[in-house]
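What TrEMBL says about this protein:
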type	residues	note
TRANSMEM	26-50	transmembrane segment
DOMAIN	41-290	domain 'G-protein coupled receptors family 1 profile'
TRANSMEM	102-120	transmembrane segment
TRANSMEM	140-158	transmembrane segment
TRANSMEM	197-216	transmembrane segment
TRANSMEM	237-260	transmembrane segment
TRANSMEM	272-292	transmembrane segment
Amino acid sequence: MEARNQTAITKFILLGLSEDMDQQPFLFGLFLYMYLACVIGNLLIILAIISDSHLHTPMYFFLSNLSFTDICFTSTTIPKMLVDIQTQNKDITYKGCLTQMYFFMVFAGLDNLLLTVMAYDRYVAICHPLHYTVIINPRLCGLLLLLSWLICLTYSLLQSLMVLRVSFCKVIEIPHFFCELAQILKLACSDTLANDILQYFVTSLLGIIPLTGIIFSYSRIFSSIMSISSSGGKYKVFSTCGSHLSVVSLFYGAGLGVYLTSGIAQPSRKGSMASVMYAVVAPMLNPFIYSLRNRDMKDALRRLFIRGAYSQ
């Protein structure tokens, strides 16, 4: 009966990034700025792609979905964090914690798979340009997007259902600013071997395989670039995938930091600091990377602002 009583928890406590009261106004302002920059920047990317017929191509179709995913990704964590700082109430209900964890995994996985699909799109465009419109057709784009959603919704649901079988101790404080699966499992009193196996299996499947696909795509892309004789031609081809490569490096670099810190035996704020890069900074910087390094996107944004100015 004692073990059964331990499962009857109704809430967790999110300790956040710092318990220092003097730092709370700074953290609130910093994360509010980053959240607004992420939402506004990604919304502008989406509006520019929708409003400009020149950008109605597979590459920008996937980019618009990546921007939508980034908005949802940050919205699962930052608004709750801002409310906690403002109200100084760090409680989150058990159901609310599992819901936040579920959607975080969904959109993190979507980010990963969309970046992989975009790498494949660039590979076909550069290495097989004559067959690009035949291979990357609207039907395939829709199927790849649908498959990405189904994979992420399914594995996130499975992970969340597995957490329901776990019993927790009296210590329900999470040294994090959101409910992350690895941190939650570290608070468990019951055996989590099945959860750990599933977590490592999914991490390997949805981490190694997409990363391998990205590396393969870019190895073939670089081989094609090296075969171009003129330096101007090399730069033109590389510029078409430079933005995506920058985003991939940022995403996987931050994700690797989270993975390494999650291996710490006891919950630690080191993991939450690494997650800031992964869950906040990377989605915020994506619109700037694509708009600053992509001439087509800069032109589309310029036309969007011009139309907005004339409509007033």
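Glycine residues also receive a Cβ, built from the backbone N, Cα and C atoms like all the rest.
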Leading stretch by Cβ pairs under 8 Å, where the reference is the transmembrane segment (102-120) and the options are 26-50, 140-158, 272-292: 140-158
Chain residues in Cβ proximity to the transmembrane segment (272-292) (below 8 Å; excluding those fewer than six residues from its ends, i.e. six or more beyond): 16-17, 31, 34-35, 37-38, 41-42, 44-45, 63, 66-67, 70-71, 73-74, 77-78, 104, 108, 111, 175-178, 180, 243, 246-247, 250-251, 253-255, 257-258, 260-261, 298, 301
Chain residues in Cβ proximity to the transmembrane segment (140-158) (below 8 Å; excluding those fewer than six residues from its ends, i.e. six or more beyond): 58, 61-62, 65, 102-103, 105-107, 109-110, 113-114, 117, 198, 202, 206
Integer average pLDDT (0 to 100) for the domain 'G-protein coupled receptors family 1 profile' (41-290): 86
